[in-house]
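Going by TrEMBL, these are the annotated features:
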- 514-673: domain 'STAS' (DOMAIN)
- 93-119: transmembrane segment (TRANSMEM)
- 126-143: transmembrane segment (TRANSMEM)
- 177-197: transmembrane segment (TRANSMEM)
- 251-275: transmembrane segment (TRANSMEM)
- 287-308: transmembrane segment (TRANSMEM)
- 345-364: transmembrane segment (TRANSMEM)
- 376-393: transmembrane segment (TRANSMEM)
- 413-433: transmembrane segment (TRANSMEM)
- 440-456: transmembrane segment (TRANSMEM)
- 471-498: transmembrane segment (TRANSMEM)
Amino acid sequence: MEQHVTPCEDAPPPLMYRVERPVFDEAYLHTQLLHPRERSPKTIRQRLAQAKAIALSFLPILTWLPSYPVKEYLFGDLVSGLSTGVMQLPQGLAYAMLAAVPPVYGLYSSFYPVLLYTFFGTSRHISIGTFAVISLMIGGVVVREAPDSMFTIQALNGTATNTTVFIDTEARDARRVHVAVVLTTLVGVIQLVLGLLRFGFVAIYLTEPLVRGFTTAAAVHVFISQLKYLLGIQTPRFSGPLSALHSVTAVFSDITSTNVTTLIVGGVCMVVLYCVKDLNERFKKKLPVPIPGEIIVVMVSTGISYGLSLSENYQVDVVRTIPSGLLPPAIPDFSLLPNLVTDSIAIAVVGFSMGISLAKIFALKHGYSVDGNQELIALGLCNFVSSFSHTFAITCSMSRSLVQESTGGNTQIAGLLASMVVLLVVVAIGFVFQPLPQTALAAIIMVNLLGMFKQFRDIPALWRTSKIELAIWLVAFVASVLLGLDLGLLVALGFAILSVIYRTQSSETCDSASLFQAAECTGIKIFHSNSSIYFANSDLYLNALKEKVISAAVCVSVCGIWKVISAAVCVSVCGIWKVISVAETHTESDSEETRFLEPLCPVHTLILDWTPVNFIDSVGAKVIKEYAAVDVCVFIAGCSRTLLAELRTLQFFTGVATPEMVFPTVHDAVLHSRRRTAPPTIPAIQ
């Protein structure tokens, strides 16, 4: 006979959780259970092990190179290094234009820092080198400190009244290189000092919406700056507030002088690059390595420019001189430092934020960890040491990092090989790229901005999820577009900090009975707040507490004395509230006044649930201590050991506040309160 078994019959019994222990308070825990362990002195072996760990943390390459699995990793690193190096070349040349320095300095910046990061970096997959946002920020500073107007020369055309004004480009470029190098030196020093001081956490203040809004605005600036190269027109480069609007106005004012040949070459390059990127994206699982569209465009456009003499016959601007070999090291001109401090701080923080965010993504994907402080040190050394060899500031590039990881790169051996590819070009065949049209480099830059422009999709997503984060995104974008990247970043940071203050001041408060839909014990109120208690929100915390607990009382203030009508009498002296409750029972001989003052709000115990509280300052501690002076008994529950240490430092446990009023859990506090207020047991008469 077939039996039908219901699912309930086979269900396992519910898990039971039973704990039986005495009620603990902080006085008992601190004196009886928590005894600090005595630290024994370190042995020589322990000290040597600690020194070795410090050395390995400073030179991460020593942790993985001795055990490098050649058979498993070498081929992937070789393919990845060659692919990334081929990509480094055109991007180095192009991003040097953004930094307002000659293209060869982009190649220098694609060699020295990459070589150094191999030894000092903790990420195995990011590609260090030139990056559009950082290059643009450098270019803004360089143009500000060395504008074209500083290098104008008037030449006579036969007569004293007929003169021609032209720009001494050689002197201008030399000055701009000096500015970029000194700026890079200062950026490196700042990053190095922050890393040594263990300030790797500074990146957390650049939240993801802020960074994405900022980089989207940077993409707008980059796109606008490349319009004149794409069209082949001559316009001045602007910096500072409203520079983007001035640049657009200048381009459209002179658009009638567009060089058609330049526009055609640039347009064709953009179409080819876009199609190649689309093919790489669609068939990335089938292609062993991505199609190197950028180097193809560079080589083909260079060949066409050389064969057709585009520079002489069609007035197409080309890269021109690329000196062979590496320049000898030189000491930067430090007299420029005072004007560059603010800019260097912004570039240092943005560069590190870009690098660590991408490094963490790859580390999470491949199951290893990166050290934020060591990354700061690594970037600082890359910028500082390389600046003596005429480089400008660098960070990691998202597009190159994706190529380095997707083509099989396992370690920074791939980055080392990529730097060797760049070195080969600089030393041996750099002259080949002298006929390269600048419009082709502009096309490379513009097409690489597509990924950043896709970040506009964040707006509808943030609208559905978080209005505050949407506001941060929009403020970062609008401020950076209108005010420039340096001031825009400062405004965005200020707004992000204000949003944190707003959230702490507008945190939700409630009593735990309504929060957890639990039954409330008579006379006991459990107050729960989702924020820490400090000077900015201590009054709000106290007001919310009064509103929740004494909502039945109607208080009237006369000369600092508060009188509760029909419920209780509250006396306020110097901010101390005193609730006077009248006995609930009365005899027939009680007066009418006594009957009238029978309490409507019989709360005798307040339990402050401080489980979410992370910190408290002296103002918050003072407010809570004053509130603890009322006849209503105040207990605190759920404090972390860090918070308790802060309370002791603030001398909170003096006077009315004692360790006996602090309990490890809310349940401990409730049990203690119920026992304290329970009526005494009368023994039976024999």
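Just so it is clear, glycine is given a Cβ too, placed from its N, Cα and C backbone atoms.
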Beyond the flanks of the transmembrane segment (251-275) by at least 6 residues, Cβ under 8 Å: 224, 227-235, 293-294, 296-297, 301, 304-305, 310, 314-317, 437, 439-440, 442-444, 446-447, 450
Beyond the flanks of the transmembrane segment (471-498) by 6 or more, those residues with Cβ under 8 Å of it: 133, 136-137, 140, 205-207, 209-214, 216-218, 220-221, 239-245, 342-343, 346, 349-350, 458-459, 462
Cβ pairs under 8 Å between the transmembrane segment (177-197) and the transmembrane segment (345-364), at least three: yes
Intrachain residues whose Cβ lies under 8 Å of the transmembrane segment (413-433), provided they are six or more past its termini: 68, 73-74, 76-78, 80-82, 84-86, 88-89, 92-93, 103-104, 107-108, 110-112, 114-115, 117-118, 127-128, 298, 302, 319, 322-326, 404
Residues from the same chain, set at least six apart from the ends of the transmembrane segment (345-364), whose C-beta lies under 8 A from its own: 122-126, 128, 131, 133-134, 137-138, 183, 187, 190-191, 194, 200, 202-203, 206, 208, 211, 214, 370, 372, 375-376, 379, 383, 393-396, 398, 401, 405, 485-486, 489-490
Residue numbers, six or more beyond the limits of the transmembrane segment (287-308), whose CB comes under 8 Å of its CB atoms: 79, 83, 86-87, 89-91, 93, 265, 269, 272-273, 276-277, 279-280, 314, 316, 318, 403, 406-407, 432-433, 435-437, 440, 443-444
Beyond the flanks of the transmembrane segment (376-393) by at least 6 residues, Cβ under 8 Å: 58, 96, 99, 101, 105-106, 108-109, 112-113, 116-117, 120-122, 128, 130, 134-135, 138, 177, 180-185, 187-196, 199-200, 326-327, 329-332, 347, 351-352, 355
